[in-house]
Amino acid sequence: MSSLCSSNTTEIMFILTGIPGLEAAHIWLSIPFSSIYLVALVGNCTILLIIKTDPSLHEPMYYFLSMLALTDMGLSLSTMPTVLRIFWLNSREISFDACFAQLYFVHTFSFMESTVLLAMAFDRYMAICKPLRYASILNSARIAKIGVAIPCRCIVAVTPSLFLLRRLPFCRSRVLSHSYCLHQDMLRLVCADTTFNSRYGLAVVIVIIVLDPLLIVVSYIMIIKTVVGIASPEERLKAFNNCLSHIFAVLVLYIPMVGLSLVHRFGKHTSPLVHVLMANIYLLVPPVLNPIIYSIKTKQIRKGVLRLLGQRMTYSD
């Protein structure tokens, strides 16, 4: 077994994969991938700038939106170095330490995305169902505590299985399935018993990936019950419009997540291209679409974008 495995992780080099079957077109594929990252970073930076510079947006809803923008930026920056290095330079090797750091941040930020959306659902529930208690419950101190609790929850969830993974021996095969390092991808290269990692990973999925959307659905059931009781059609429409951006953000995250889970569970014999595309959609699309959704569907953010564009045009003149 010692000839087949290595426990000295500092000497291990993994080989990342681009898009299977399209290796010859990687240089051309770098254009859309670079554009995706550029739009994600510029869009989320714009959201943060608008909220920071407009005192009228210093409210709970927009503080949570800032957390979502920061999470989206973190998720984009976690995958960007290896993805663009593969497409630009065809450089596929990555050391174990760098791979471990990347998968740590990728999983932490992806779980944070779900947790922030859950916090935003609670914000919408309080604003619509408990408007008289909204300001007293979601005060600045409590929002700060939620802002600290979100990353702490995700770090605590991710850390145990990843640090156990670091101590396991790896077989001679070093080829990973994606353009970035993922826990389940590295786990299949381990030579030892991975029962704890697999069971712990399932528990984390149940607690975060299953429980979060379930609680979001429950919050919207209660919101719908409250809104239906509102007599005025205009008030109903206004209440639903306040939730529309968040609903789209939830769908953008969880539809690819469910699709990726189904592909991993039932599509073991499908083309590797399908797995790679679903993983890329899950990790790359939400950071791009979220700032676009909030810029289009949220009036205050839309006004802020137009204000920034107007200032830039004035300076250019």
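From the backbone N, Cα and C atoms, a Cβ is placed for every residue, glycine too.
Look at TrEMBL and you will find 43-294 tagged as domain 'G-protein coupled receptors family 1 profile'.
Remote same-chain partners of the transmembrane segment (35-51), defined as residues 6 or more beyond its termini with a Cβ less than 8 Å from a stretch Cβ, comprise 57-58, 62-63, 65-66, 69-70, 72-73, 76-77, 80, 83-84, 284, 287-288, 290-292, 294-295, 301, 304-305, 307-308. Taken from TrEMBL, the feature transmembrane segment applies to 35-51 (among others).
What TrEMBL records for 63-88 (among others) is transmembrane segment.
Summarising the annotation, TrEMBL assigns transmembrane segment to 100-122 (among others).
Taken from TrEMBL, the feature transmembrane segment covers 143-165 (among others).
Residues or ranges marked as transmembrane segment in TrEMBL: 200-223 (among others).
What TrEMBL lists as transmembrane segment is 244-267 (among others).
With a threshold of 8 Å between CB atoms, the same-chain residues lying at least 6 positions outside the transmembrane segment (273-293) that come near it are 17, 19-22, 33, 36-37, 39-40, 43-44, 46-47, 68-69, 72-73, 75-76, 79, 106, 110, 113, 177-180, 182, 245, 248-249, 252-253, 256-257, 259-260, 263-264, 267. Residues annotated as transmembrane segment in TrEMBL: 273-293 (among others).
Most Cβ pairs under 8 Å to the transmembrane segment (200-223), among the stretches 63-88, 100-122, 143-165, 244-267, belong to 100-122.
Of the candidate ranges 63-88, 100-122, 143-165, 100-122 has the most C-beta pairs within less than 8 angstroms of the transmembrane segment (244-267). Beyond the transmembrane segment (143-165), the same-chain residues lying 6 or more positions past its ends with a Cβ under 8 Å from any Cβ of the stretch are 60, 63-64, 67, 100, 103-104, 107-109, 111-112, 115-116, 119, 183, 186-187, 190, 196-197, 200-201, 204, 207-208.
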